[in-house]
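Trainee: Below, the features straight out of TrEMBL:
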type     : residues : note
ACT_SITE : Asp143   : active site, charge relay system
ACT_SITE : His219   : active site, charge relay system
ACT_SITE : Ser550   : active site, charge relay system
DOMAIN   : 30-109   : domain 'Inhibitor I9'
DOMAIN   : 134-588  : domain 'Peptidase S8/S53'
DOMAIN   : 665-760  : domain 'Subtilisin-like protease fibronectin type-III'
SIGNAL   : 1-21     : signal peptide
Amino acid sequence: MDTKLNLFVVLTLVSIQFLSTFPKAAISNVHIVYMGEKENEDPTVTKMFHYKMLSDLLGSKEAAKSSMLYSYKHGFSGFAARLTDSQAKEIEAFPGVVQVIPNQVHKFHTTRSWDFMGLNDHSTTNLLTKSNMGEGIIIGVIDSGVWPESESFNDRGMNLIPSHWKGICQEGQLFNSSNCNKKLIGARWFVKGILDQNQTPINISNGKDILSARDSSGHGTHTASIAAGNFVVNANYEGLAAGLARGGAPRAHLAVYKVCWSFGHGGCTDADLLKAFDKAIQDGVDILSVSIGLSIPLFSYADQRNSIAIGSFHATAKGITVACSAGNDGPTAMTVENTAPWIITVAATTIDRAFPTAITLGNNHTLWGQSVDTRMHNHGFTGITFSDRIALNDSDDSALGCKRGSLNATLAAGQIILCFSQSSTQNIFSAAISVAEAGGVGLIFAQYRSDGLESCHYIPCIKVDYEVGTQILSYIRKARYPIAKLGIPKTIIGKWVSPKVADFSGRGPSSISPIVLKPDIAAPGVDIIAAYIPFGAKKSSKFALLSGTSMSCPHIAGITALIKSVHKNWSPAAIRSALVTTASQKGTDRSNIAEEGSTPKVADPFDIGGGVVNPNRAIDPGLIYDIETNDYVNFLCGTGFSSKSVSGLTQTKANCTKNRLNELNLNLPSITIPYLKRKVTVSRKVTNVGPVESIYKAVVEAPQGIKMKVEPQILRFNKTTQIVPFKVTFFTTGKVYGDYRFGSLIWRDPKHTVTIPISIRAIFV
């Protein structure tokens, strides 16, 4: 039998056999039994203990073996198993169990960008060169897998695999050990949690899902190549955005952990996510990029339903820096996700590239929109009409936004259709399907200002704002026989003010803990070109333009690899501090960075954290705000968690009755006070990572209506004093209440400017 076919059959039978163990009645579901601290460093002993506990609960070793999906035994202790609600409640009372929670589903947060940030590969002075492009660093990507044949994962110029790597290249359907190399050094896949969640087998015959680490959605391939893709010449998307493609750390190694799937309702479950974190810790990755998140409302950091917070804590405690996406539910306030203080939470911005596309009307007036549909338009000038004029049903306004089935095919045939989106939920892609089904030959889609473009595939489509859309509509209403011609998109660089915060990027303050400023940092996340799975009629397209905080997150992971390559002993908190305190609040034209929302405004810390990442400054921040694991433990105690909850999460014997850190005093590179009553004093300390003999002076930019006092105002460092504490006291003036005001605290020496953002909300006493 053919080897691939044999593998296909075996995997299918394994899947069916696995699913056959499900109870006929849906009375048992996957639960995660989280036990926190490992009692034994030997993972074999830990696993045996898990089986013993489950056997005691279910009555036999066979039942335990049939029930258990995963044993978490490397970064922390626990297991995922199928349990009824009553069994879950019973095992929660067992000694050592911190919490038992049901398995849940998480969601995706879905070349020019590196040059835009100043990381030119031909420069001898920037971070990319100083770090030797991330050589020797391993970036783990927890996502939807990888397309290993992509040119971005070639290993030309790569050095040997680092000696601290302990992982594997796990085989599976259409994936074997030869798919790994010196660039893609590891791949694993975790499917048991999503299989149980859907209660149906994966249909691997249609290619929608592949039972291996091979990516079938493109998301994981895209994010991995942004973080550490190798050099690819003449990369482009249908001729647009052409250039040299590479990841942030092109000489770093990649390890991929597939936890996200398409079948059923799709998504990424807690059980699979926690196993990926557990294995990544064991494998020896240096950095983790996670473009996945939970929806609002958020769970607390010590709640095991927040698997990303839990997994990332254990990774951070092992010295692994974890970058996560901020979510795509902006621009509404309090929509930021992945808000744990040990995570680097990344917002998304635009870059200075656009794809202007001409719309020439019959009166010789040319208007401009944007598009990524480059297919030639053979019709030249053709008729153009407004969708509301060709509505199939005049009694509703569904035709206005070109909803499917709303257009009269007789009147739409051969026409360019102008549609107006009525809400942010309507999108150009679904409108294009509607127009194509009705026989239209082109689409002009007017919508409120939003970031990110997508191909309509079926017909050429151009996105315009309401102003341009209204001008086109005015022409249609005045002309006896309105006609128009759609141009071909062009790639233009450097002509637009940038960056701007993307409208979709999740905004702060954190809904679960507003004392922790989130997001931390912003990075490019709009129309980013990177590797993708083959798609299109000829399966020849190898790159795609995607937008989302999913794209901004691996930018930070790549930059982190460069910093880690130079500063190998820096902690995750030190790296986060370097990124935040050196970030930029100014755009390319030196004006304040703006945020795109319903009413554009100057971006504040809830939009961009410290600002837009500045990699070349981050390599030499001067001072850092460092945090040790025990600081996070005391912070959690200070927020009101019990000793048991904190001990379970942190693998420490926490005593919250004795060790409670005022939560305002966690040594973050930011200060946020949600409830200022007259006067509050906050403590911080900074570590000198610049010249041994250094003197820094404080510069205060107080929020409106707030007075600030810094003590001491001068920080002196020498051979014996490399860590200096200071205090900041905030006073209300009694004039401003009820809303956040923003400022900053800056430490300056002749070479460095170390800035932290400040967010204060004064309240009535």
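Glycine too: its Cβ is placed from the backbone N, Cα and C atoms.
TrEMBL does not curate its annotations; it predicts them automatically.
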Trainee: Return only the integer: C-alpha distance in Å from Ser550 (active site, charge relay system) to His219 (active site, charge relay system).
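Mentor: Here the two Cα atoms are 8 Å apart.
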Trainee: For the domain 'Subtilisin-like protease fibronectin type-III' (665-760), what is the mean per-residue pLDDT, to the nearest integer?
Mentor: 94
Trainee: Whole-number answer please: how many Å between the C-alpha atoms of Asp143 (active site, charge relay system) and His219 (active site, charge relay system)?
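Mentor: The Cα atom of Asp143 (active site, charge relay system) is 7 Å away from the Cα atom of His219 (active site, charge relay system).
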Trainee: Using the structure shown, find which entry in Asp143, His219, Ser550 (the active-site residues) has the sparsest Cβ neighbourhood within 10 Å.
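Mentor: Per-residue Cβ counts within 10 Å for the active-site residues Asp143, His219, Ser550 bottom out at His219.
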Trainee: Per DSSP, what is the residue count of the domain 'Subtilisin-like protease fibronectin type-III' (665-760) in each of helix, strand and coil?
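Mentor: Counts, helix then strand then coil: 1 helix, 61 strand, 34 coil.
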Trainee: Within the domain 'Inhibitor I9' (30-109), how many residues are helix, strand or coil going by DSSP?
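Mentor: Residue counts for the domain 'Inhibitor I9' (30-109) by secondary structure: 30 helix, 28 strand, 22 coil.
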